[in-house]
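Asks: Structure provided below as C-alpha cells; questions to follow.
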Amino acid sequence: MNGIHDCGGIDGLGPIEIEADEPVFHAPWEARVFGLNWAIGANGFWSLDEYRFAMEDRPVVDYMRDSYYAKWVYGLERLLVEKGVVRPGEFTDARHADLPAAAEPKPALKPDMVAPLVRNGVSAKRDTGKPCRFAAGDRVRARNINIAGHTRVPRYIRGKNGVVQFLHGFFTFNDSVANEGLEKPQMVYSVRFAATDLWGDDANPHDSLCIDLWDDHLEALA
C-alpha cells in the first residue's frame, strides 16, 4: 500500500531528534510490549510480514501520532483480533483471552530461549534449488507495484532501472507472506540504482543506492 510508512524521499518531516543517553525503553509498558511481541510470535499467531502490514494499514494521522511501541500495540491487537485470539479491546484491557477452539496450544517461549531468539531471530532463508532469473551485472527495472496490500518495493524506485550487484539467496517472499500467507520463496537481489535516476540531475552523480528486491519485484531489461 502507498502509506506514510513508505517515506523515502519525502520532504518536510523535520530533523531526527537524537536523545542523549536514550534508554532502551522509555516506560515499563514498552518493555511489556516488547516481551509480548516475542512471546506471541513464538506461538505462531503472526508472521513478521503480516505484522508489518498490520501496523502500516491505518490512517496517516494515527500512524504519525503513535510512538514506536504504540504502533506495535496496534499491530499486535489487530492481528490477534483478526485471528480470533482475543476480542476487540481485550488485548489492551489486559483481560484473559482463551485460545480459539481451532488453535492447538504451542509450547511457551521459555526464559532460556529468549536471548538467542532476540539475538538471532528466525531465518527466512530457504533452499529451493530453483534457477535464478538474474545474475550480477544484469540490468533490471523495479516493477511499478501499487497494491492495497503489503509490498517491499519503495515508491521512489518503482519504474526505475538498476543493475544487479549480487545475489543474497532464496528467501520467503515478504509480499505473499503478508498478503496471502504463502512463503513463495524467491531469490533476493541487491540492485544498485544511480542517485540521478532516482532524484534527477541535481543529485550527486557519484551516489547510488542498493536496494534488496525479490524476483517478483523485477523486470528484465534488454
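Start at 1 and count along the chain as shown; that gives each residue its number.
Heads up, the Cβ atoms here are built off N, Cα and C, so glycines get one too.
According to TrEMBL:
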- 1-107: domain 'Nitrile hydratase beta subunit-like N-terminal' (DOMAIN)
- 123-219: domain 'Nitrile hydratase beta subunit' (DOMAIN)
Asks: Just to be sure I understand, if DSSP states are collapsed into helix, strand and coil, how many residues of the domain 'Nitrile hydratase beta subunit-like N-terminal' (1-107) fall in each?
Replies: 45 helix, 0 strand, 62 coil
Asks: So what's the average pLDDT for the domain 'Nitrile hydratase beta subunit-like N-terminal' (1-107)?
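Replies: Average per-residue pLDDT within the domain 'Nitrile hydratase beta subunit-like N-terminal' (1-107): 85.
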Asks: Could you count the residues of the domain 'Nitrile hydratase beta subunit' (123-219) that DSSP puts in helix, in strand and in coil?
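Replies: Looking at the domain 'Nitrile hydratase beta subunit' (123-219) with DSSP, the answer is 18 helix, 34 strand, 45 coil.
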